[in-house]
Amino acid sequence: MNNTFKYVNEDVSGTEGEESDYDPSEFIRGYHESPRSPRLIDYEMGRGLMGNFKGLGINKVRQSNEYDNDTDYSSRKSSKIINDVIHGHMEVPDYIMDFIDTEQFQRLRDLKQVGTTSFVFPCASHSRFEHSIGVSHLAGKYIDRIKVTQPELEITEREQKFVRIAGLCHDLGHGPFSHAFESWVDQLGGSKRFHHEDMSIKMLNWIIDDHGLDEYDSDDIKFISSLIQGKHRPKERAFIYDIVANNRNSVDVDKFDYLSRDSYYLGRSTVCDFQRLMEFSKVIDDQICFLSKEIYNLYELFHTRYSLHKLVYTHKVGKSIEFMIADAFTEADQFLKISDQLEDPKEFINLSDSLLRRIETSKEPELEKSRKIIKNIRNRNLYKFVDEIIVSTDKIRWSADSLAEDIAKVGNGILESDIIVQNLKLNYAFKDKDPVQSTRFYTRYDSTQSFTIKKEETSHLIPNQFQEERIRIFCRSKEKCEQVQTAFRKLLKNHNLSPNPSFTVSPARNIKKI
């Protein structure tokens, strides 16, 4: 096999239940009888968020114009109510439905949120479709709350609307198996580059052009695109750009939703309470700041992210399958021209997780090698995890792209193409920095001034380092696992390094299915 996927540099930096415990009196704030809102929304009582109204003797609520006093809703189509396992009953405005009811957005149903992790955790089969709707819901809820609690900011309906749209469309550009696809494109080399955020903006433009959404002009699209990327923020009103994609400290509603949603479907509990973060925050000097006592909640947010990456998203079996899918795509690329469909959204729309099944059921002889790899995935004949080492930057004595070559030289009968080197970085979404140190806080006693809090003033149990680097070795040939492991450990010994004992697998186990 002409292998181009020899090593992987993976950096998981941010740059990718059923009922909520709401206080009813808090929830109905913003809903009241209004002669300007003729739409009457009936909610099923007895479960979810609206069940809390029963004790108040309220069976029907009318949507408030509190957030949009200058809007005539009588001419608008009805919004929809979606019952979500994470956020309960979500009201989806008609302008959001205009985007949802398109083939470009519906494609997200065929993109699993956790990529190849679903091969390891079978209940985690949720898609980017519901995640994107959830992010839109939280984005709207967040900016609506800021508008109500801080009217002096004069947040416009346009800003509220576009923040929701940005939350909805931020993942439109993901490819098959999400981040695994981006890694595969990077390994192709040459001029091939792919960033899902850029494709998301292309898909957004296509939706607007293709479906006659003429109310959005070029300035509107530019604004929404900046919200998706979290870039090109002006000095004034910079806080609006922190809601969906926060490049300032990585605290955003995208993270709120996927950490909660993934944990739910993975059967894992999460300690972070993102509802409190939204409730106890305010804008000071054009930056979203948090109540000082929420600093522990913020650390829980980033620790939850780190734990999911370490234990779930980078699970060795999931990564093994990811490498096999990458090899299958590489073998199929010359025939299917997958890498030629990365620029035009009208071609890219055909790339989803179903590409695997498309290859698997094909009859073309040109796809035989790819079909064989996919068959091995189905039969659980996977690439084998050989070894892992945790390293410090100052102790690395080789580059990742030369390690496979070094192992092949030391070993007997080992080819470079037998080896996959994964260079993995795990962190708090801010590379090697503490994201909380880039976050500002306020106190109840003076909510007009913001400040930072040193971690030494918070707790001595907060880590001193915020990024760890690991080197993992996988082998494509189960017959050569023992030789690869022996050669790798010889290299480690030469560099005064030792493998990670918690992940070390004996050669005898290596030849079994994982």
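Backbone N, Cα and C define each Cβ position, glycine as well.
Listed in Swiss-Prot:
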- 1-24: region 'Disordered' (REGION)
- LYS80, ASP101, THR102, GLU103, GLN104, PHE105, GLN106, ARG107, LEU108, ARG109, ARG380, LYS384: GTP binding site (BINDING)
- ASN83, ARG276, LEU291, SER292, LYS293, ASN297, HIS315, LYS316: 2'-deoxyribonucleoside 5'-triphosphate binding site (BINDING)
- GLN113, ARG128, HIS174, 252-258, ASP262, ARG305, 309-314: substrate binding site (BINDING)
- 128-259: domain 'HD' (DOMAIN)
- HIS131, HIS170, ASP171, ASP254: Zn(2+) binding site (BINDING)
- HIS196: active site (ACT_SITE)
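When the Cα of GLN106 (GTP binding site) is compared against those of the binding-site residues ASN83, HIS131, LEU291, VAL312, LYS316, the shortest separation belongs to HIS131. Of the candidate binding-site residues, GLN104, ASP254, HIS309, VAL312, ARG380, the one lying closest to ASN297 (2'-deoxyribonucleoside 5'-triphosphate binding site) when CA atoms are compared is ASP254. Contacts of GLN104 (GTP binding site) defined by a Cβ separation under 8 A and a same-chain sequence distance of 6+ are given as LEU172, MET203, TRP206, ILE207, ASP210, PRO345, ILE349, in order along the sequence.
In this structure, the C-alpha atom of ARG380 (GTP binding site) lies 37 angstrom from that of ASP252 (substrate binding site). For the domain 'HD' (128-259), residue counts in helix, strand and coil come to 87 helix, 0 strand, 45 coil, using DSSP. The Cβ neighbour count for SER292 (2'-deoxyribonucleoside 5'-triphosphate binding site), using a 10 Å radius and every protein chain shown, is 16.
Comparing TYR258 (substrate binding site) with HIS131 (Zn(2+) binding site), their Cα atoms are 7 Å apart once rounded. Listed in sequence order, the residues ARG128, SER132, VAL135, GLY167, ASP257, TYR258 complete the 8 Å Cβ shell around the Zn(2+) site centroid, once HIS131, HIS170, ASP171, ASP254 themselves are left out.
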